[in-house]
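Undergrad: According to TrEMBL, the compositional bias 'Polar residues' annotation covers 71-81. Under the heading domain 'EF-hand', TrEMBL lists 1-34. Residues or ranges marked as region 'Disordered' by TrEMBL: 62-95, 118-138.
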Amino acid sequence: NSELEQIFCALDYDDSGHVGIDEFTNGLTKLQDGMPLATLTIMKQVGDALGLLKHHFTTDSLATKPPQISPPGTFTISSHATKPPQVSPQANAGHEVSRILRAPSLGSSWRRGVALPAERERPVPAEGSPLASAQVEI
């Protein structure tokens with residue numbers, strides 16, 4: 001009787017309390033291939049333990065749902081996204097852009113030949129002096 005219970009427990013893979021046709025044929029095939037009943041029972045117990053372990057890690061570590069992905073072609077700003085800075089309606093965006101583009105930088109002013117305010121205040125050498133004909137390479 002004990003051996004029948006072991007066979008039944010080894011064949012009942014889903015622990016449903018009854019052995020279905022698939023479970024029975026799968027178990028008989030393994031037994032006919034020379035697998036001892038004890039090995040079949042151990043394999044079932046290890047499979048059950050791995051299933052419980054997998055369930056434990058997947059349910060505990062993934063407690064929150066991942067963010068839902070929008071369908072292609074749609075765009076939504078999630079609560080995690082950073083918001084762009086608020087611009088007052090009175091601000092003239094065109095004025096700000098042109099101010100930034102006109103802002104001189106040292107390297108670009110030399111290449112374009114545009115003098116910076118500090119350079120305009122320097123005295124200009126008189127024509128014919130050695131300083132007037134000197135060229136500086138940058």
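Backbone N, Cα and C define each Cβ position, glycine as well.
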Undergrad: Could you tell me the mean pLDDT over the domain 'EF-hand' (1-34), as a whole number?
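TA: Overall, the domain 'EF-hand' (1-34) comes to a mean pLDDT of 79.
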Undergrad: Let's see if you can do this one: DSSP helix, strand and coil counts over the domain 'EF-hand' (1-34), in that order.
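TA: Counts, helix then strand then coil: 22 helix, 0 strand, 12 coil.
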